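K.L.:
Please find one structure pasted underneath; my questions will follow.
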Amino acid sequence: MTMLQQILLISVIIGTVHVHEVDCANEVLKARAYIFEAVKGGNPAKTVGIIDLVQTGTLVKMNGSVSGLQPGLHGFHIHEKGDLGNGCLAAGAHFNPHKMMHGAPEDSNRHVGDLGNIETPKTGDTPILISDSVISLTGQHNVIGRAIVIHADMDDLGRGTSELSKTTGNAGARVACGVIGIL
């Protein structure tokens, strides 16, 4: 292959990659997580909700509902692994590829998986309506194959006095979880 042919080949490859990047910026990506009740020491079996994720540009919108939670605020996070075993403990820690401190969704210093709290009303299902520009359905912050975990208690957003505040938001036990899968 001559030098000119090599340069032409490299130019075609670079041009193709560049066009693909532009197309992806306008693409709508979709994912879904079926949420299961946590089973201490075992694997979940009872479905308690569905959460859909839709990404347009850099914004991911999460929309769904979960049943069976106690009224009040519950920590809502994306964890590093898509393993729902042992009462959702097998999902590992919060998704935190940059080794940041725990924080609120609007904080610049936060885990990628820190999505704050969801609120369960006194009666009825828990609505999930979250928008976030840090998580993604592609690339470095891709959450596909990772677990959504709902905690028993309120996430203090890293502002509490407990030692757990800076790592987990002191959000308590894992009560429900589900793996995010591409649609």
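For all residues, glycine too, the Cβ spot is worked out from N, Cα and C.
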K.L.:
Which one, His79, His94, is listed by Swiss-Prot in the same Zn(2+) site as His102, His111, Asp114?
P.N.:
His94
K.L.:
Near His94 (Cu cation binding site), which recorded positions out of Asn63, Cys88, His102, Cys177 have their CA within 10 Å?
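P.N.:
Hits: His102.
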K.L.:
Can you tell me which of the recorded positions Asn63, His77, His79, Cys88 is spatially closest to Asp114 (Zn(2+) binding site)? Compare CA atoms only.
P.N.:
His77
K.L.:
Quick one: Cα separation, His77 (Cu cation binding site) versus His111 (Zn(2+) binding site), in Å?
P.N.:
9
K.L.:
Would you mind ranking the binding-site residues His94, His102, His111 by how many other Cβ atoms sit within 10 Å of each Cβ and giving me the lowest?
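P.N.:
Least crowded of the binding-site residues His94, His102, His111, by Cβ count within 10 Å, is His94.
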K.L.:
Select the closest residue to Asn63 (N-linked glycosylation site) from the following recorded positions, measuring between CA atoms: His79, Cys88, His151, Cys177.
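P.N.:
Sorting the recorded positions by distance from Asn63 (N-linked glycosylation site), the top entry is Cys177.
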K.L.:
If you measure His102 (Zn(2+) binding site) to His151 (Cu cation binding site) at Cα, how many Å is it?
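P.N.:
Rounded to a whole number, the Cα-Cα distance is 15 Å.
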